[in-house]
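Going by TrEMBL, these are the annotated features:
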- B:136-198: domain 'CBS' (DOMAIN)
- B:200-256: domain 'CBS' (DOMAIN)
- B:284-302: transmembrane segment (TRANSMEM)
- B:308-328: transmembrane segment (TRANSMEM)
- B:358-378: transmembrane segment (TRANSMEM)
- B:384-410: transmembrane segment (TRANSMEM)
- B:422-440: transmembrane segment (TRANSMEM)
There are 2 protein chains.
Amino acid sequence: MSNTNDNLALVLSDAIQNNQFDDALVAIKGLRPVDLADVLEQLEPSLGWRLLERLPDRAEVFTYFEPEQQVRLAREFPRATLAALVSEMPADERTDLFKRFDQNQRDALLPALAQAEREDIRKLSAYVEGTAGALMTSDYAVLRKDMTVAEALASLRTEAPDAETIYQAYVIDKKRKLLGVVSLRDLILADLGKSIKELMTSDVVSGLVTDDQEDIAKKIARYDLLALPIADERGVLTGIVTYDDAMDVVSEEVTEDIHKSAGVSTIAGNLKDATIGLLYRKRIFWLILLVFGNLFSGAGIAHFEDIIAANIVLVFFLPLLVDSGGNAGSQSATLMVRALATGEVVMRDWLYLIGREALVALALGCTMALAVSLLGYIRGDSTIALVLALSMVSIVMIGCMIGMSLPFVLSKFNFDPASASAPLITSVCDATGVVIYLFIASQLLDDLAVVPI
Amino acid sequence: MSNTNDNLALVLSDAIQNNQFDDALVAIKGLRPVDLADVLEQLEPSLGWRLLERLPDRAEVFTYFEPEQQVRLAREFPRATLAALVSEMPADERTDLFKRFDQNQRDALLPALAQAEREDIRKLSAYVEGTAGALMTSDYAVLRKDMTVAEALASLRTEAPDAETIYQAYVIDKKRKLLGVVSLRDLILADLGKSIKELMTSDVVSGLVTDDQEDIAKKIARYDLLALPIADERGVLTGIVTYDDAMDVVSEEVTEDIHKSAGVSTIAGNLKDATIGLLYRKRIFWLILLVFGNLFSGAGIAHFEDIIAANIVLVFFLPLLVDSGGNAGSQSATLMVRALATGEVVMRDWLYLIGREALVALALGCTMALAVSLLGYIRGDSTIALVLALSMVSIVMIGCMIGMSLPFVLSKFNFDPASASAPLITSVCDATGVVIYLFIASQLLDDLAVVPI
């Protein structure tokens with residue numbers, strides 16, 4: 001498919017440069033808007049817009065462009081064409097685009113728009129990013145409670161071309177307060193003479209404009225909704241969030257959590273388009289923190305310098321013991337962060353989970369202790385084997401406790417639990433691991449400390 | 001909400017034990033099915049089913065129970081009640097439940113079901129887990145191409161109570177081959193006399209019963225579909241996958257990927273319900289592998305024993321250098337695994353991304369080298385600082401290359417790229433890191449090797 005796209009892009013470039021737009025339109029016949037957007041994104045913006053403006057569904061195709069591409073392409077449009085295209089876009093997409101424009105572009109666009117659209121952009125762009133208000137669209141279908149089903153269907157027929165969905169229609173009073181919801185399915189099944197008041201569900205699942213977008217997405221998923229109505233603080237219906245926008249939010253949040261787990265700050269947008277400078281900035285923080293975190297393990301090692309010098313064999317197992325705590329701890333943290341993110345675990349489960357984790361960690365630690373003491377016996381002696389076994393059990397148990405608790409603690413203090421990243425767990429477990437290992441060694445190997453190898 | 005649920009569960013237990021079902025029904029009035037399921041799951045199964053069987057929407061409530069709870073509760077139902085409940089369930093949920101039953105439960109249930117339902121279960125349960133066939137439902141709305149819009153609407157009115165969605169209706173011929181799709185929105189907007197043939201979209205996005213469920217979910221997300229029709233190898237329409245089931249698949253796959261990234265084998269179901277034994281088994285594999293992976297770093301250290309004994313200061317920085325490669329490599333792997341999972345990066349981007357990663361790694365490595373050589377100079381001397389700086393740059397660059405390439409290599413050989421887990425990267429980077437560090441040290445500190453500190 002990608003190769004086909006490359007060829008198609010070449011064919012289109014040629015056709016547009018020679019003003020053979022009919023040929024270009026034939027070449028893209030049957031392509032779905034999202035696929036067409038993929039092809040047009042590969043063209044020079046100056047060529048792309050000349051084909052785009054000739055498409056009947058140009059606004060829909062345009063919404064599938066990557067955000068940066070939208071802004072780049074918008075610069076090529078003559079002002080009137082841009083205004084026409086922007087008017088055809090869904091209200092939420094239009095606002096997102098507007099927010100990405102610089103002041104010059106905004107000043108050029110606004111006067112060319114109709115009063116209603118200007119007002120709509122002004123309202124929607126006022127909401128804080130990450131809230132329901134910034135996610136919602138103002139294109140929704142409304143009904144009055146005294147309508148009959150027949151009247152309601154007639155009303156949807158006239159509203160449908162603009163509304164983002166007509167499968168859910170919202171019943172409002174004169175002050176636009178939300179009274180209920182009716183699905184198109186219910187309307188189709190009901191008697192034409194029945195009143196909307198009788199048919200509607202008045203106990204509506206809804207959200208507030210100030211709600212976090214992640215909570216909105218969770219609600220939509222939990223109740224299997226097609227759209228969630230959003231009210232302002234006075235209970236006035238101001239927009240809806242559709243399930244597909246909610247799913248995009250979930251996907252972004254998941255990417256963010258996954259990146260955090262590896263100690264990478266959030267990278268907005270496409271990895272492929274990220275610059276070297278951006279990637280560097282997003283990754284260096286945790287790595288440098290780790291370097292300075294080493295001051296602690298280094299200090300631990302310095303404290304036990306004599307015992308190491310006397311028993312170089314201890315060094316063989318240092319990377320392993322240090323890693324084991326970090327790895328087991330990262331497993332715990334990952335399980336917990338994901339369970340908190342999906343909502344299957346809540347704060348009050350903490351004590352139960354910690355208790356169970358202690359037992360799991362004990363079992364893991366004992367198994368690993370068995371393995372490592374075998375290696376220790378082969379390379380050292382039975383005392384070394386004992387030191388390794390005791391250290392391994394302690395280090396794994398402490399690593400797991402840290403890994404399991406940290407996400408809860410972060411969550412308790414309103415930090416994102418996903419910040420309990422692998423590098424953080426590693427840094428903390430490193431220092432503790434080194435100290436535990438060398439402390440146990442110094443106790444058991446005390447007699448040998450004066451005998452250099 | 002959780003505390004309210006606990007109280008409500010107590011109230012319900014009491015009422016049911018005293019046969020006060022009217023009181024129980026009043027107490028749960030207004031609760032939505034998914035919320036009600038949460039409460040009923042807390043009751044003893046023997047009490048739970050006595051209330052559940054009295055609910056008008058019992059089948060819907062039952063579908064929201066956790067899978068294991070469904071099976072446990074089903075044991076309490078008298079055979080006739082179970083058969084009635086199962087008949088009311090959507091075809092896909094019904095089949096999933098049946099597959100979880102043991103042979104005794106299956107044998108008891110089947111004769112109590114109607115012929116059509118038995119046949120439906122038999123067909124749907126034959127598909128391999130993880131395919132579109134196992135995910136789809138057979139409750140969908142169909143139309144004929146020679147119907148008028150008025151006839152189509154009338155037909156949907158009679159079909160709607162059973163179909164999982166009527167917002168998309170599928171146009172089929174006499175052999176049930178898929179000819180096109182019509183949305184309810186289009187039907188509502190069209191002239192009542194218009195024919196379905198004229199109205200339908202004949203270029204339908206569809207899937208095959210054998211398609212991977214992840215691909216199905218990606219298609220639904222890409223084209224913003226409410227449902228995707230699924231055909232068998234002869235092009236016969238056999239089911240649909242709805243967007244909400246697709247989103248559940250995405251969520252499961254994400255959890256699986258995240259767990260794999262921490263070296264935890266897939267844990268199906270709820271973390272809270274996982275037993276200690278299960279958690280142990282899912283986590284021990286990578287941890288033990290890591291222990292034996294240490295044979296290589298241990299061998300590396302043994303090879304350079306003399307240089308360590310002569311320069312104990314080298315040990316101070318061993319955990320840090322070893323971790324740095326693993327951490328930087330895990331960052332690269334995480335970025336790549338996620339980008340491959342969302343489809344924003346494909347195989348042919350490999351060379352470009354590796355090239356860019358080399359530059360990012362160089363920048364990261366140099367910054368970290370600067371930091372660590374500062375620490376090295378304070379604790380050791382300028383030669384130690386040089387050893388640390390050179391080692392850090394090499395280790396970080398090699399770690400990043402491994403982290404970035406491994407997901408591609410795994411993907412190329414049809415393994416899941418998410419298996420490029422942090423513990424694997426750590427193990428590999430450990431051994432290489434140790435060898436690089438001590439090799440560089442042995443070259444630069446050669447002259448000092450004979451001078452013990």
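Every residue, even glycine, has its Cβ placed from backbone N, Cα and C.
Within its own chain, the transmembrane segment (B:422-440) is flanked in space by residues 261-263, 286-287, 289-290, 293-294, 296-297, 300-301, 303-304, 307-308, 314, 317-318, 321-322, 324-326, 329-330, 333-334, 387, 390-391, 394-395, 398-399, 402-403, 406, which lie at least six positions past its ends and keep a Cβ under 8 Å from the stretch. Long-range contacts of the transmembrane segment (B:384-410) within the same chain: residues 311, 313-314, 317, 321-322, 324-333, 335-337, 340, 347, 350, 353-354, 357-358, 360-362, 364-366, 368-370, 372-377, 416-420, 424-425, 428-429, 432-433, 436-437, 440-441, 444-445, each at least 6 residues beyond the stretch ends and with a Cβ under 8 Å from a Cβ of the stretch. For the transmembrane segment (B:284-302), the residues of the chain that approach it from at least six positions outside its boundaries are 263-265, 308, 322, 421, 423-424, 426-428, 430-431, 433-435, 438, judged by C-beta separation under 8 angstroms. Away from its own ends, the transmembrane segment (B:308-328) comes close to residues 297, 301, 361, 364-365, 368, 372, 375-376, 379-380, 384, 387-388, 391-392, 395-396, 398-400, 403, 422, 425-426, 429-430, 432-434, 437-438, 441, 445, 448-453 of its chain (Cβ-Cβ under 8 Å, at least six residues beyond either end). With DSSP states grouped into helix (H, G, I), strand (E, B) and coil, the domain 'CBS' (B:200-256) comes out at 24 helix, 16 strand, 17 coil.
Taken through DSSP, the domain 'CBS' (B:136-198) splits into 20 helix, 18 strand, 25 coil. Confidence in the domain 'CBS' (B:200-256), given as mean pLDDT, stands at 92.
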